[in-house]
Every structure is written in structure tokens, then in C-alpha cells.
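A.B. asks: First the structure, which I've put down as C-alpha cells, then a few questions once you've had a look.
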């Protein structure tokens, strides 16, 4: 290993030792400074013992002819010295002058004489006059003597503490007697102590210089290897950001007048000569007079140890200093200023909206950044000095005491600065608090509430397009929109920084009116209280005279009042606890005369209380009680329990707009139509909107503030037993959730929608209307004339007794009716199975390969060219008269075949993609059943009877084209068909169709029949006023007519 490498390794080791010793010095200093004035005497005595161990006590020297009652309060200083056990010596001025000359003591208040360490009263008086801030602390010789005495003791004991660190390891008695290098070393230490005290008093004189220096840092380190990123960040700091005075930096000294040189040392690519030059510059400029004193002290130490003081030694010191400088500490400084800049840009908008709190927060980070930058940079420079001292003392027998000496000094300064930092930051925070209080006195309003007001104004500006669309979306003339301005990070942080967490609320609710998509002008403050009272939990829109939407645009916190208490939980820790006096009910009075829409989906009804492994998440529930008016209302419920008094009109309750849990709707105990009990399971993965207590943390230096607030979150309930229970009164229609719901109807008419999920709907008695919607649903009409709509999915529909209408919709459905009523069964898309009852049924398989069984009674089947491969199995009585209607086909284009016992119809065009129609067991006899269809009618009114087909197959037909076998076109066939079909449809659904007049044109009669068929598909819309689910229309106009030959019967 080269000599230079070995030297660097040794330097790194020495630097690390110096850092550890510096840390110890800081810790010792912190422990000493935290006691306050009451411990001043103990500190002074301890420091005196440290000095006395190696030399005489500290002596306050006062000329005999010096008037202690003049000047800046030396009467108090003399008394303080006596109280602290410091000797006060009055000597002739001539003796004092001789002592100065013989010992080379300059015109400073600290010195070395034959008596030992000496405080020179005149020089100290002059010093205090020059530094008014220190002088003001001491005060005059009149006034509060006890208080001034304590302050005087603080000054003197502080000087003793400094001297105790500086002179540790030096025997002053021997140094004074022997003179020489030891005496020079001691004098250098005293000089250093004087500079330390002096610099602390210099105030803000060089803050602007510091502003320029930190800019130079960025320029220098931007090009230094390994420090480019730091340099770029520092360049973002505005030069003017650090140039302001009056920021609470009164005790920051001018330690940084030449700190630029330290970054030159950090450039590992710089030449040795450059580092040497930078090292000398650092020695003379980095921290002003202190660095010069440290340099003198290092040189004196090296002379005392017989070590070299040449250029290479200086380079060695400079190299060690470079290792001690950590630019990473400046990243936090840059982050503070960048955060201030970001907040300031954000604040500009809200300042225009009447709130300046964001600017105040930006000011805090700006000023805190200045303080932090100053102290960080000073500490970095002091670390470099400690490392340089360690390098200078390397190899010396007195190295360890000397290193301890300097690290003690730097530790002392760092401790003073660190303990000064907190009061400075608190001073800045206090100024912000004062501004807030002044604003509140002027405007008579809570400052943070004003911040929420500004946030809401911005929300309206940003969301106007969305808010304006609600009138049209919900089809109402007026929209009453309630918006919760939730907890705001910046507003909360300002409350924490200023210690006013007990003055802030978790947010604020607002009410806005929109008509015809336009925002109405704001009314006075009492407007909100009329519509919404969040403290009492009351909402009232009963005065609205038009159709109205009540919508909670954002989640609304539960009703009640908040209170907060700020408590100190540690030396620098404060917690502002939140207490909520909650109301367990929302009460809503709706529009009296007009229809309205009530969207409660963003109403928070669950307050999170606690969590445990055994019981899961626990909640307090807030129940919704709503009293509506006479109009047709729509109510969208949230996840909590509700009591809905719907009033007159056709009212609908929706559970599908948010996750309301699995439903069990029960109307079996109802004594009035529209009364239901709804039980909801909110366990497992059910997502509920819940209110939780969160906390925001902010810091002011060492002070940590935690403020609790209410917020909302959408989360799994986490409670396997959590339920909600609704009581619905006078509700005509219920829309289910997106879970597997169960509906049990009443003895009255029920209208249920399963919505998403595999639902079970049972209408029980009454003329019910059931919709499965999406999912594989099961619908049971039971007794009564029911309408069942499967919707999407593979559904099962059971009509029960009565005249029923069943529509499978999409999917592979199964439809079945009982009894001898008139029933309509429509399969829709998919491969369906349709089973009629003992009465007259209409069976339309729709698209797909369907199976149709009419059962007993006079049944009516429909087949189209788009129907796929259908199978009809009619197991009726011999007296039955069943009909097959070929909606868009003619006999001329069909072939008929006997396949086993089945009658099969196929397109005459063998290449056609159309399906076939099989009438199962047509030719089967016995068992007492009739499997034939008595008549088959095509789109033009031509008819085939079962006898015609019997004759056809018993003879020797020239062709299987049915056109040769069917009767001639006859309009009376279509007229009769229309009558039969109309009877079934009108009985099953009571469609209220107008009677069709006679029409001699067969095409018109065909259209009338198709109108009867297609009218079924529009029944839901006609009956439900648009709220139902329509049927698939009949497809009767798009088939391709196949050519064929027709034979006259």
C-alpha cells in the first residue's frame, strides 16, 4: 500500500474518531443546556471544577476606579459572580496594563494572567455595548434584580462552560509558569473561546452573505464528481429566499463567510495544490473568526507537539476535512424550499378565493428552510473542522486531549445551535398563529372553516359541468346537491404547525341548487341550515314545488358535533384527540306534491368503532328515516338501515347503485300493499362506506403534532354478523342488489327486480311482476295473474295458477305454467324449454333450438325462419284444437317429411341455413293423447289441417312441397287466427288492445296477427311506465321467400 493510501486510511480512521467524539460533545452539551436558569449555579460550579483541575479559578477582574453602577449592569454581574463562587478581584489599572503586556493579552474580555483565567470587566462592558442583543438580556442596574441576576449568572456560567471544554487537558499553572509552546496553546484556546462567545452575539449581520454562499454551493458542487445531484437541487433555491432578516435567526452567527472552500475540498478530482489552497482558505474564511482561532489553535498544538506546520501538513488537514463534509444533509434543506414553492403555487388560486392559509404554510416552510439551512451548513463546517483537528493531531502524544478539546468546542456550538433551532421555529409558527387570530377577530369566523369554503368554491368551478348534468340525468327540474368538503391536508397541517388542532373541524358540508343545469345564486348562511343541519341530522326539501333531485355528491359524514382537546404526551409530542357526540339517525323530509329522486348512496351510515381478532370490525350505525310525498319517487339506498315512508304515487326503491349487501325482501306479513321488511347481510366481502378516525402528523422542528379527524373509506365490512334492516312503507317496486337476493312477495301485487346476481323471486299471491335481470335466476309467480321476465342468464320461470306472462330473455331458459289459465310463454334468445299448462297457451320459442310443450288446451305455437331447430311436443286431448303459425314463412318454400313418428318441416332450399321444425310423435297413436296440431297457417293465410297432412302421407304425393297440399289463400283463416290469439294474449296480460276492424286484405290481417304477438313485447313498458324490462320483438319481416309451386286445392 502506498504511503499516500496509508495516510488516507489513517485520516479516515481519525475522522471517524473525531465524529464520534463530536457526537459525545453534542450529547453532553444537550444534557447541560436542557435544565434552564434554575440549574445555572450547578453548571457554573461544574465548569469551575473542570477549570480548577488544571489551573486557577475564573476571576472577574474589575479596576478599582471602575464605576460598576454605570455601563450595562456590572453591579448585577459582580453579584452574579459572587453567587456562583467566582472570585471578584479589584486591582489597580496599572497592574492590569502590566499583565496585558507581559502575557500578550489583546483587547478582549477573556484572558490569561498570573491569576489564571480572567474576565476583564471593562472589555466585557465594551463587548456588551457593541452587541445590544446580549446587553438587553443583562439589562440595567435597576428593575427586577432577581431576574437580572439569573440572566447574569447565565452569561457567566455559559462562558465558564465554554472554557471548561476549551481548556480540558491543559495544565494552566504549568503553562503560565513555564511559558513556551504550552502557553501559546492555552492562549490560542482562550482566543477560540472568546470568538465563540462573540460570534453568538453577532445576530443577523451576515444572513444575506449566507444567502449568496448557499447559491455558490450549488454552482460548485454541480460540477463536483458525485455531488452533481445535490448541486442541481441547491440551484432551485431562490437567492432571495435566504436574504430576509427578522426570521427568528437572531442567534445565528456569521460562521459561513467562506464556506465555499469546503466544497472545493470535497472534489476528489482537484489537485493537491488546489486542496492546499482551499484548506488555507477554509482556515481563514469558513466560519470567520472561529475558524481563524481554530487554525491558530491547530498550529499552536502542532508546534507544542513538535510537528510540521508546512504546506503538506495543511493539505493533510484539508483532506481529512473533505471526508467529514456530507452534502446529503443539504438535501433536506432543498426539500424544505421546494415544498414551500409547491404550496405557494397552490396557494395563489385560493388566495383569490379568500383564503390565505396555504400562503401562511408556505411561509412557514420558507422560513423553516432558512433556519434549517443555516444550522445544517454550520454543523457541516464544524464537522469538517473537527476532522481537520484530528488529522493535525495525528501522531502526537497530546493528540487525544487536543482532539477532545476541539470536538468539545464544535459539539458545544452544535448543541447551542440545535437548541436554538427549536425556539426559532416556534417563533415562526407563533407568528402564523398570531395572523390567524387577528383574521378571526376581524371577520368573526373560524379561519380553517374559511379554508373549507375556499376549497368548495374551487370544487364548484372545477365540477360545474358534472353538477349541471344531474338535472338531465335524473330527469328532474331541480337538483339539490349536498357536498362534503372532507379533511384537507394543507389546512390540517397549518392547524398542527400553529398548535391550533383543537380549532379545526373534519370538514364542512355544503348545499347547492341547480335548475335547468344552472347553479342558482347562493342564499344567506341560514339557507344551508334550512336544507341541511349536519349537527342534528336533519334534511328538509319539503318546500320544493318542482320535481327535485336530492343527491349527496360526495360522502357525507354522520351527524353530530365534534370537540377536540390538545394534550402534551411527551417533551415535544402533542396529540389533539377527537371526540364526536354522534346522532344515530338521519331524518329526511321529502318533496310534498311532486315526484322526486333521492340518491342516498353517498350517505355514510356506519361509524367504525374498534377492531378485534375475535369480533372483527365493530360499528355504530346511523339509521335513515325518510318521509316522502305524493309524487312518483325513486329512492337509492346506501348500506345502512333505512325506514322509508314513500307516500302516494308509484315509488321505487333501488339497492343496486352501490354495494348494499345481500337482500332478503319479505312481504309475507304485510297488511297493506307496498309494506316490506328488508334484511341485508353486510358480512364478508361486502364493500361498505364507513366513517373512520384518522390522524395527520406535522412537525415544527422537534415538536410533533398529531391531530385526529373524521374521514371516510370504502372497505370490506370485516364483520361476519353485520346486518342492516329496512322498513319500507307504500313502496310499489323494489330493485335488488348485485348479490344473490331472495324476494318473498305479499298477498298484494308485488314488483320485484333481481338486478345482478342469481336471485330467487317469489311473488306469492297477487298479480305480480317479477324481473330476474342479470344472473341465473328463479322466478315463481304462484297464485295470481303474474308477469315474469328472466332477463340475461339461464333462468327458470314458474307461472303458477292464473293467467301468466313469461319471458325468458337471453340464455337457456326454462318456462313453465300450471293450471288451466291463459298463458304466454316466450323463450327469447337461447336454447329454451317452454311448458304450457292445462289451459290455452301461447308458446314462442324465439331464437335458438327450443323445446315447446303446450300440454292440454287449445295452444298456439309460433315458428319463424330465425327460430333455429325447434321441437314441438303437444300432449293434449283429442278435443283440443292447437295451432302453429308460420310467422314469416309460406308453404311454397317448405318441405314436409315423416321421420319415425315425427313430422318434420324443412326449407325447400337444402342449402339454406335455416333450421327445421319437428312435431314430435305426430304419427304416434294410443295412450289417449293427441300429438297432432289441428291447423297450420302460413304468413299469407293458407292453412293446412291435420287431415290434409294425413291425406298427403296416405296418398302418393308428387312432391313434399306443402304448397301442393295447402288450401288456397284465405283471409278468413288469418281473421280467425287473430281472434284466437287475441283471446289468449288479452287474458294472460290484460294488454287492453283495441279491437281491430275487419280488413279484406290478407296481408293486413297478417299484420294484425303479428301486432298481437309483438304487443306482448311492449307490455312491460306500457304497464310500468318505463321502469320495466321490455320483451324481445317479433321478427316477421326479414325472411327470404323461397320459390315453389302452388297447387289449387
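Even glycines carry a Cβ here, placed using N, Cα and C.
Found this in Swiss-Prot, in case it helps:
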{"type": "REPEAT", "residues": "744-761", "note": "repeat 'Hemolysin-type calcium-binding 1'"}
{"type": "REPEAT", "residues": "762-779", "note": "repeat 'Hemolysin-type calcium-binding 2'"}
{"type": "REPEAT", "residues": "780-797", "note": "repeat 'Hemolysin-type calcium-binding 3'"}
{"type": "REPEAT", "residues": "798-815", "note": "repeat 'Hemolysin-type calcium-binding 4'"}
{"type": "REPEAT", "residues": "826-843", "note": "repeat 'Hemolysin-type calcium-binding 5'"}
{"type": "REPEAT", "residues": "844-861", "note": "repeat 'Hemolysin-type calcium-binding 6'"}
{"type": "TRANSMEM", "residues": "246-266", "note": "transmembrane segment"}
{"type": "TRANSMEM", "residues": "311-331", "note": "transmembrane segment"}
{"type": "TRANSMEM", "residues": "375-395", "note": "transmembrane segment"}
{"type": "TRANSMEM", "residues": "397-417", "note": "transmembrane segment"}
A.B. asks: Which residues, given as numbers and ranges, are at least 6 beyond the ends of the repeat 'Hemolysin-type calcium-binding 2' (762-779) yet have a Cβ under 8 Å from it?
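C.D. replies: Same-chain residues near the repeat 'Hemolysin-type calcium-binding 2' (762-779) but 6 or more away: 667-668, 736, 740, 743-756, 785-798, 802, 809, 811, 1020, 1023-1024, 1028-1029.
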A.B. asks: Out of 744-761, 780-797, 798-815, which stretch touches the repeat 'Hemolysin-type calcium-binding 5' (826-843) the most, going by CB pairs under 8 Å?
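C.D. replies: The listed stretch sharing the most Cβ pairs with the repeat 'Hemolysin-type calcium-binding 5' (826-843) is 798-815.
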A.B. asks: If you average the pLDDT over the repeat 'Hemolysin-type calcium-binding 3' (780-797), what number do you get?
C.D. replies: 95
A.B. asks: For the repeat 'Hemolysin-type calcium-binding 6' (844-861), jot down how many residues DSSP puts in helix, in strand and in coil.
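C.D. replies: The breakdown for the repeat 'Hemolysin-type calcium-binding 6' (844-861) reads 0 helix, 6 strand, 12 coil.
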A.B. asks: Using DSSP, what's the helix, strand and coil tally for the repeat 'Hemolysin-type calcium-binding 3' (780-797)?
C.D. replies: 0 helix, 6 strand, 12 coil
A.B. asks: Just give the helix, strand and coil counts over the repeat 'Hemolysin-type calcium-binding 4' (798-815), going by DSSP.
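C.D. replies: With helix first, then strand, then coil, the repeat 'Hemolysin-type calcium-binding 4' (798-815) has 0 helix, 6 strand, 12 coil.
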A.B. asks: Please list the DSSP helix, strand and coil residue counts for the repeat 'Hemolysin-type calcium-binding 2' (762-779).
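C.D. replies: DSSP classes over the repeat 'Hemolysin-type calcium-binding 2' (762-779) add up to 0 helix, 6 strand, 12 coil.
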